[in-house]
Amino acid sequence: MKKFPSAPAFNSTSSRFAILTLIQLVLIAWIFRANWGNGFSFLQGDRYDNLIEISILEHWYNVLRGMANWATTNYFYPYPKTLGYNDGYLLYGIIYSVCRSLHADPFMASLLVNMTMKVAAFFCFFLFARKVLQLGFWYAVLGAVLFEISNNVVLHNLHAQLLTVAFAPLCATLLYFACKALLQNQSGRLLAYGSTFSVVYGLWAITSYYMLWFFSFFSLLVLLELALVHHRYLFRQLAALQIKTLVSALCALLVLALALLPFLVVYLPKAAETGMHSYASAMSYLLTPFDILNIGDQNYLYGSLMPALHQSIGFPNQFSENQMGMPPFLLLVFLCGGALAWRRHNSQQAQQTQQAQLILPMALAALALWALALVCAEQSAWYWIYHYFPGAKAVRVVARCMIFLVFPVVCVAMYFLSTFKHRLAVLLILPCCVLLIAEELNKKAADYLDRAASLKMLESVPPIPAGCRAFFVQDKRPQDPNESPVEHELYRHNVEAMVISEYINLPTINGFSSFNPPDWNFSAADRDDYSARVETYRAAHQIKGLCALDLQTHRWSAAAQ
């Protein structure tokens with residue numbers, strides 16, 4: 001009797017690549033559904049933070065065309081190394097420049113950068129799950145999906161720099177294999193993986209700081225935990241290192257130093273100049289216990305519960321920088337995975353031991369980072385991190401650690417699900433997977449950036465007058481009904497000046513960033529003393545050829561000098 005053909009196993013490389021590609025197309029269609037739906041007339045972002053980002057991306061486009069110095073933007077003229085006042089966006093700028101060279105406008109190019117980062121998040125997580133955690137194909141796929149569509153990342157799409165969390169699994173993979181090669185005296189692999197890690201780490205540093213810092217802090221916790229638990233093995237392997245292995249390690253460290261050099265050259269002077277953020281400002285953005293579960297009222301599955309929780313127990317119900325929560329079922333599966341890894345880390349089965357011995361420190365490091373970032377009764381252990389851990393003073397919104405923690409949390413959760421082997425237990429996996437995906441889905445589509453209006457702003461700028469070497473903006477436009485006083489007085493005219501300056505490649509004294517130059521004084525352009533403040537700055541810096549651009553009439557005029 002002829003047997004009925006079995007279902008395809010999807011084991012070939014080509015079929016699996018096709019599956020991953022199809023899944024990625026579906027995810028991109030979902031994540032950017034609002035943009036597809038409005039014909040890309042309104043894009044992810046707003047007129048403030050995203051225009052600041054686009055100005056820096058346009059700066060890199062100018063750099064790659066040989067029209068600008070890489071470390072000095074056109075805004076905050078005439079200060080040098082002004083890139084150091086904000087995230088550097090280098091890798092974003094490279095992607096953006098490719099899109100611009102293919103005739104995408106600045107705003108569409110920035111959206112394509114975000115799409116690229118989402119795709120990178122999926123494949124980088126998949127790589128880590130398969131190569132390091134050795135998870136099965138479908139568990140790696142599920143983890144990559146959860147990592148890409150994470151609820152808290154969607155809530156903060158206005159801050160595109162946070163999408164660099166995509167690099168965390170990639171750097172973790174490279175670091176893992178570099179450390180493994182070191183302990184196994186594989187000098188060639190150590191040099192290859194160590195140098196590649198160093199280059200990616202350096203590029204990440206000058207692209208976005210927050211996710212890099214949390215990755216570095218988390219990785220140090222994991223490595224310390226592994227060293228404490230396996231100190232005898234570690235000492236034995238280090239004592240047996242060969243000369244060629246040590247040379248490879250030194251070469252990889254040298255590559256790391258060189259890769260970080262641009263970051264250090266630009267950011268260390270600005271850190272000394274600004275003093276970075278105060279502890280009081282960081283305190284405002286520490287986590288409360290509620291914040292860990294605060295997934296927002298736009299979540300499809302749980303959003304309707306938020307108002308009731310707000311009324312009954314004071315659960316936060318307004319969007320804020322602290323709204324970074326993770327869905328409850330994911331957290332439950334994570335805790336179960338951590339508990340299972342604790343139980344199994346001394347198991348005699350090699351596969352269980354290898355996975356558990358890596359999953360356990362990841363789970364413990366995640367819990368430790370949560371605990372350190374918590375504030376209760378105005379007291380927090382973050383005080384010690386802020387004052388004594390390198391680079392912590394540059395981290396103001398500590399709650400953003402929740403976005404990074406999606407990476408280890410999903411890893412631990414996938415490990416737990418992958419341990420189910422009994423047939424009855426396997427039947428529960430599918431509904432669990434559906435629930436894990438469903439609770440990440442969010443209605444929020446931060447498509448506030450009017451593409452046509454933004455393009456008109458750039459294209460309405462007339463040709464630069466002869467003799468104009470730099471400019472400032474004048475702005476007597478009334479406050480928009482949708483603008484807050486802060487947005488009107490600080491952001492609008494300064495941010496528009498930034499984008500215009502990079503687009504027409506002409507320096508401006510205006511600008512607004514995470515940090516500003518010491519004598520920056522260009523808020524409230526509609527006040528009577530604005531011109532006097534501009535003249536004071538011009539005279540102090542002896543600026544010649546300073547022109548004025550009226551943002552209301554789109555006309556140039558020469559300033560009194």
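Placement of Cβ uses the backbone N, Cα and C atoms for every residue, glycine included.
No curator has checked TrEMBL annotations; they are predicted automatically.
Taken from TrEMBL, the feature transmembrane segment applies to 107-129, 136-154, 160-178, 190-206, 212-234, 246-268, 324-342, 363-385, 397-417, 424-441.
The stretches the transmembrane segment (190-206) and the transmembrane segment (246-268) are in mutual contact, each linked to the other by at least three Cβ pairs under 8 Å (pairs 6 or more apart in sequence). A contact between the transmembrane segment (136-154) and the transmembrane segment (363-385) is absent, since fewer than 3 of their C-beta pairs, 6 or more residues apart, lie under 8 Å. The listed stretches are 160-178, 324-342, 363-385; of these, 363-385 has the most Cβ pairs under 8 Å to the transmembrane segment (212-234). Beyond the ends of the transmembrane segment (363-385), by six or more residues, the same chain brings 214, 217-218, 221-222, 225, 279, 282-283, 286-289, 292, 334, 337-338, 341-342, 392, 398-399, 401, 405, 408-409, 412 to within a C-beta distance below 8 angstroms of the stretch. Proximity of distant same-chain residues to the transmembrane segment (246-268), defined by a Cβ-Cβ separation under 8 Å and at least 6 residues beyond the stretch ends, is recorded for 70-71, 81, 83-84, 88, 178, 182, 187-188, 190-191, 194-195, 197-199, 201-203, 205-206, 209.
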